[in-house]
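What Swiss-Prot says about this protein:
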type	residues	note
TRANSMEM	29-49	transmembrane segment
TRANSMEM	97-117	transmembrane segment
TRANSMEM	130-150	transmembrane segment
TRANSMEM	166-186	transmembrane segment
TRANSMEM	202-222	transmembrane segment
TRANSMEM	254-274	transmembrane segment
TRANSMEM	307-327	transmembrane segment
TRANSMEM	340-360	transmembrane segment
Amino acid sequence: MVFNMNLKEQAMSLFYESGFPKDFFSFLWITASILILVSGVVIGVLVIVWLERKISAGIQQRIGPEYAGPLGIIQALADGTKLLLKEDIIPSRGDALLFSIGPAIVVIPVLLSYLVIPFGHNIILADLNIGVFFWIAVSSIAPLGLFMAGYGSNNKYSFLGGLRAVAQAISYEIPLALCVLSISLLSNSLSTVDIVEIQSKFGFWGWNVWRQPIGFIAFLIASLAECERLPFDLPEAEEELVAGYQTEYSGIKFGLFYVASYLNLLVSSLFVTVLYLGGWNLSIPFLPNFPYLEWKFTAETSEVINVIIGIIITLAKAYSFLFISIVTRWTLPRVRMDQLLNLGWKFLLPIALGNLLLTASFQLIA
């Protein structure tokens, strides 16, 4: 993790003086970074689940969770613990191997997507030169896990849910990739850090949401479809397919699908923040942008304070998008399968392609 290089150098020198080998320090640093990221992601998912239950309760004029902890804040943790203790049942006539590895193939690509997300200045696990396309590439693996789960269940509802998941992913990943490519053309980079820094040069009005309004709307719709959220939750439509590819699952494997869904929703929200909303930069309209504030502390303390502020700003923007996603789920009806595919192939794909050509033309003229 790229984080406060002075702190890393001090820790490295301390380890060398203590007689530890260099490889041991690198292993310890990477392990600590991954554990911190995973812990933060898990806490973020628990917060999302609690927010969704409370917001949906408010929309439906209910109270929502209130007994497990203050305001029901640990209700999701209690539900997860209950799933851990439930029996793991494997269908007798299903494919046990596909049935077992399907949930893992769904969760792992989503976790890998967090590697290239900058949560703040110098807060990123892997600053790759192809960061955004790394996300597109690994996210395309998850539908394969859904199809394996549906096929391995030996259940017609599960199989149909897996087929729907693959069709939906293929339909909406292409417009999503075209929108990302338009942002990359504007920024002349595929690195997520470079994209944020390019936006920070021009303050609030330099955000890509103003420079790419058509692409932003297309990205918003495509990301909701990729997350399989209402009105695009066709692979697990309860009224049609019982529970889709999840029908035969129980216990922790059943819970992994829900974890992957909320992890994917958080990933999409963070990428909306990074690609369109200026990332960790706090930009106020009609005022100049100050990416780094000066504090009356030591240089290390000032850098840590700025890093914390950047993380808070990034999460605030991401959770604002999450609020829109949650409200959309509880206010719009589900579309039909043919409407879903028509929206992806006949509307979003031409719009995203036209937006890319328009962006490329302006870049050539400029």
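Heads up, residue numbers simply count up from 1 along the chain you see.
Glycine is treated like the rest: Cβ placed from N, Cα and C.
Listed as Cβ neighbours of the transmembrane segment (340-360) (distance under 8 Å, sequence separation of 6 or more from its ends, same chain) are residues 167-168, 171-172, 174-176, 178-179, 181-182, 185-186, 212, 214-215, 218, 221-222, 225, 232, 234. Between the transmembrane segment (29-49) and the transmembrane segment (166-186) there are fewer than 3 Cβ pairs closer than 8 Å, counting only residues 6 or more apart in sequence, so the two stretches are not in contact.
Between the transmembrane segment (254-274) and the stretches 130-150, 166-186, 202-222, 307-327, it is 307-327 that has the most C-beta pairs under 8 angstroms. Here the listed stretches are 166-186, 202-222, 307-327, and the one with the most C-beta pairs under 8 angstroms to the transmembrane segment (130-150) is 166-186.
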